[in-house]
Amino acid sequence: MEGIIFGDLSTLPDLLSSLSPYKVVVLTNTTLKELWLEEVLTWLKEFKPQTIVVPDGEKYKDLDTVRYIWEKLLEMGFTRRSLLIGLGGGVITDIAGFVASTYMRGTYLGLVPTTLLAQVDAAIGGKTGINFYGKNIIGTFYLPKFVLICRDFLKTLPMVEILNGLAEVVKYGILDKEVYNAIKTMNSPREIVEREDIIKKSVAVKLRIVEEDLKENGKRRVLNLGHTVGHAIEKISDYKIKHGFAVSMGLVVEAKIGEILYGFDSGKVVEILTKFGLPVKIPFDPYTTLQAMKIDKKAWYGKIVIVVPVEIGKANIEEVDEKIILQALEEAKNA
């Protein structure tokens with residue numbers, strides 16, 4: 001797991017010393033500013049860090065926010081040999097990665113993910129993105145110099161954020177038997193905070209796949225399990241439905257497609273999601289959801305591409321007939 005560090009904030013000075021950055025800027029949001037920024041800055045004081053604070057929320061993951069950050073970096077004299085640290089959840093890590101990859105054609109990037117979702121998914125693997133008429137329509141692939149995964153952040157997370165990230169862990173469980181068996185031993189969502197073994201297993205699954213296919217030309221697409229439907233649900237809700245909750249619903253639909261095509265037991269997915277209190281019913285009209293799925297960067301030649309589970313530990317990436325998708329959406333709406 002090169003570049004992925006499991007530790008506490010006291011490791012930050014050594015991480016930065018190895019880079020010798022010209023300037024250090026911490027990008028965070030209004031919520032994290034009150035909760036964690038002061039402590040992080042204390043550990044970075046020898047590097048004289050500056051900060052950029054943006055509003056909290058998925059709807060701010062757009063070009064306006066990126067433009068604001070670019071302008072602030074220019075004002076600060078930020079250079080290619082300077083370090084941008086993204087301190088926050090998936091929105092912040094996505095924005096920080098995109099800004100770092102585009103500003104002066106690439107600067108140093110470090111990520112300190114503060115949510116379960118970011119620690120197991122958004123901050124891992126080098127994907128960056130902003131929303132533009134759809135989820136992550138504009139983005140790059142750009143690897144950070146480091147990702148610091150600190151369990152202390154999870155201890156202060158509200159339950160809604162634990163659940164938001166747990167959906168991605170369940171996704172890894174469908175793709176990997178070892179993660180699936182570990183999840184089955186959990187009795188409540190908050191157990192994940194103390195189960196660093198499950199977090200490490202989830203990260204390892206993603207890294208193993210990403211190392212084979214960084215730029216998502218082939219195998220990496222399996223990590224989009226639940227996301228073709230999930231992104232459509234987020235879009236229809238105007239991002240009022242959190243990413244993990246949308247992915248949870250997407251996992252159910254795509255599991256049902258697997259059931260139709262391959263006899264996959266979708267009940268296993270529904271059972272785990274229900275045990276943790278994650279949503280399994282689609283709240284929107286199936287046809288509306290289907291149309292939203294067509295505005296998707298994973299589409300091939302205008303065709304909807306789905307990650308279809310065949311069995312626990314195995315999934316196919318394939319075009320799926322719209323009639324089958326509608327059938328699965330209907331079943332999930334009435335589940």
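Each Cβ is built from the backbone N, Cα and C atoms, and glycine gets one as well.
Look at Swiss-Prot and you will find 56-61, 90-94, 114-115, LYS127, LYS135, 153-156 tagged as NAD(+) binding site. Marked as Zn(2+) binding site by Swiss-Prot: GLU168, HIS227, HIS243.
Taking each Cβ in turn and tallying the other Cβ atoms within 10 Å, the top scorer among the binding-site residues THR93, THR115, THR156 is THR93.
Working note on the binding-site residues ASP56, GLU168: by count of other C-beta atoms within 10 Å of each C-beta, GLU168 ranks first. Fewest Cβ neighbours within 10 Å among the binding-site residues LYS59, HIS227, HIS243: that distinction goes to LYS59. On a Cα basis, HIS243 (Zn(2+) binding site) lies 9 Å away from GLY90 (NAD(+) binding site). Put simply, HIS243 is the one of the binding-site residues GLU168, HIS227, HIS243 whose Cα lies nearest to the Cα of LYS59 (NAD(+) binding site). The Zn(2+) site is defined by GLU168, HIS227, HIS243, and by the 8 Å test on Cβ atoms against their centroid, the other residues of the chain that qualify are LEU117, ASP121, ALA167, LYS171, GLY226, GLY230, GLY244, ALA246, VAL247, GLY250. The shortest Cα-Cα distance from ASP56 (NAD(+) binding site) to any of the binding-site residues (GLU168, HIS227, HIS243) is found for HIS243. For the pair HIS243 (Zn(2+) binding site) and PHE153 (NAD(+) binding site), the C-alpha distance works out to 19 angstrom. Taking a C-beta cut-off of under 8 Å and a sequence gap of six or more, PHE153 (NAD(+) binding site) has these contacts in its own chain: TRP36, PRO113, THR114, THR115, GLN119.
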